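Asker: According to TrEMBL, the transmembrane segment annotation covers A:6-26, A:47-76, A:91-114, A:126-149, A:155-176, A:220-238, A:244-265, A:272-293, A:313-334.
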Amino acid sequence: MFSRQLQSYLFDVTGLVVMIIVFYFISASQSIGKIFSINMPSSFLQLNTIFLSILIEAIPFILISVLIAGFIQIFITEDHIKRWIPKNRFAAIFVSCVVGAIFPACECGIVPIVRRLISKGVPTYAGVGFLLTGPLINPIVIFSTYVALGSKMAGLRMGIGFIAALAIAFIISLLFKSNQLQHNGAGFSNTAVNTGKQHQSLFSKLEDMLKHAIDEFFDMGKYLIIGAFVAALVQTYVTTTSLFILGDSVAGSSIIMMALAYVLSLCSEADAFIGASFKNLVPSTSILAFLVYGPMIDLKNTIMLWGAFKTKFVLTLFILITLIVFLLINLITLL
Amino acid sequence: MFMRFQHFIRALILAIFAAFIIKLHYTGEIMSYINPRYTLMSKIAIAIFLFLFLIQLVRIWENRNHTHNHCSSGCHHDHDHSGSFSKRFIVHLIILFPLVTGFAFAPATLDASIAAKKGLMLPQVNEGTASMGEHLNRMGEATDEKSAESIEPPANKDDSIIQHTAPLANTNYLSKEQFDKEMEKLTTSDIIQMNDNIYASYYSRITEDPASYIGKKIKVSGFFYKEDGFEENQFVLARFLMTHCVADTSVIGMLVEFNEANDYQEDTWLEIEGEINVTNYNGHVMPFIKVDKLKVIDEPSEPYVYPAMIKIV
């Protein structure tokens, strides 16, 4: 009885202490701002604005996806996964790409979900299929591409994206047999949880789910922040058109547009308009390269992937995506 | 029962995130970061942060044994718990960094220096050197051929209009009738008013088919922006078009020819009344404004323009 009272008392006091520290934090930050803002070059302020805007835009999606990741952690067992994923490798890849296509996600939000799925026993290649089609193919992206560039481009974007995802996931399945997560130790075995779970009430399961979501947020948040900062740095200090010194062939401009998609790290729902603004500058196949490549991999999400997976795997995935998308785009021009 | 410092710090950070987004909404600064259309998402984020904060607050004083009853050894605290103290410290510093800069510095409005980095995406605008200009134009022509043979241009002429089925609370929405009425004004009214809510749609119409607007009067505002390779008397009255957030803005704007163009500084906000005319740059027809009246104005409270959205009922 006494302990319970003490607990609620502690709870109140801690909440109050947190509030006070938050208040001090805010006023300290603001006074730092007052001291430094006079000397800050305006380019830093611009950089900061772009950096924060990427975060403000991404954070709601990250929060939703860490909640989903928490849900997967607590409510989905390895047995479920075993039952749902087809035994056949090709079927598994196909299913994962289709599920990704149905599932609306953005390219940074999908990383925690895929990580959690793979830790639950989803084969790496199926995780990759889901990772690639999730942000690229979904109703919002289809619609914004249609509005910005017309139905043919929207169709090609989805079609080529889907084929590329299948191909990449297949090659990954040949190259990597084991799970490529960074913390691949005993910690990821979930058998203990599965057995322990029988006794848990729904309420305590929900509580665990939220705790996992919080840990996931801090785990992925740091990579999101680093990624957003680097992307903002590039936007502030690198001249876009300086990329265009590389050749004027279709292949050359496709490489440029892919590089651009990579460094800009745009959200897949917003990139169609940016792509459209290059209509007069590059062939439409190069815009297609921009639209297919960007959602699959970009600067921001490479850093997040790197936080979740082994370096060698991330590097291989990066090279594969680049090669496959580039080849497919060039095949299109021959048709 | 003992206090877990790591959890305490995390509760603190969650609270500061919530406070930061609340502050953005309260002061209206959110408008300087993202398209007002998407503010609902960040309000949802506030709710989630506050909720997670409360959950995290409970964890601070959680008994270790108690936790492990719940979440047995399999519930791997694989996250950062295992890392050394200094590693965790750095992680929390990284996460605090945007919050410090967010509270410390007011959002800046993107200016001509960023516009120069992004570049004005017009085929006529070259990079200052003739060869680069030609180069870009060749690419432009290649596009034209390409688009003629393989990719059809969008059937829908109103490129910049997103049609959303789910209306959200926002000021930029137009009903279909309102939008049609606004677009009709483009041809019927004596003077084209490039108002912010319709700017992007008017802009794409006029640049698509400049010839049919020759001689039309136009009133438009924007910031002074000059690219390398412009003539002495040329500048662009530019705006940033924002789809989602500041990071995905692109630069659009009307070319202006004005003899005293050199009297003005980059980033100066101007309101111009003039007549639309076309010039021919290397085979590209491009509209420009012949200035009748020019006046320096203050930077508007909403410096960005957004693609117009039509509410479909």
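Placed from the backbone N, Cα and C atoms, the Cβ positions cover glycine too.
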Asker: Most CB pairs under 8 Å with the transmembrane segment (A:313-334): which of A:6-26, A:47-76, A:126-149, A:155-176, A:220-238?
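Answerer: The stretch with the most close Cβ contacts to the transmembrane segment (A:313-334) is A:155-176.
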Asker: Among A:47-76, A:126-149, A:155-176, which stretch has the most Cβ pairs under 8 Å to the transmembrane segment (A:220-238)?
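Answerer: The stretch I would name here is A:47-76.
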Asker: Can you work out which residues elsewhere in the same chain, 6+ from the ends of the transmembrane segment (A:155-176), have a Cβ less than 8 Å from its Cβ atoms?
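Answerer: Residues packing against the transmembrane segment (A:155-176) from afar: 89-90, 93-94, 96-97, 100-101, 123-126, 128-129, 132-133, 136-137, 141-142, 145, 288, 291-292, 295-296, 313, 316-317, 320-321, 324-325, 328-329, 332.
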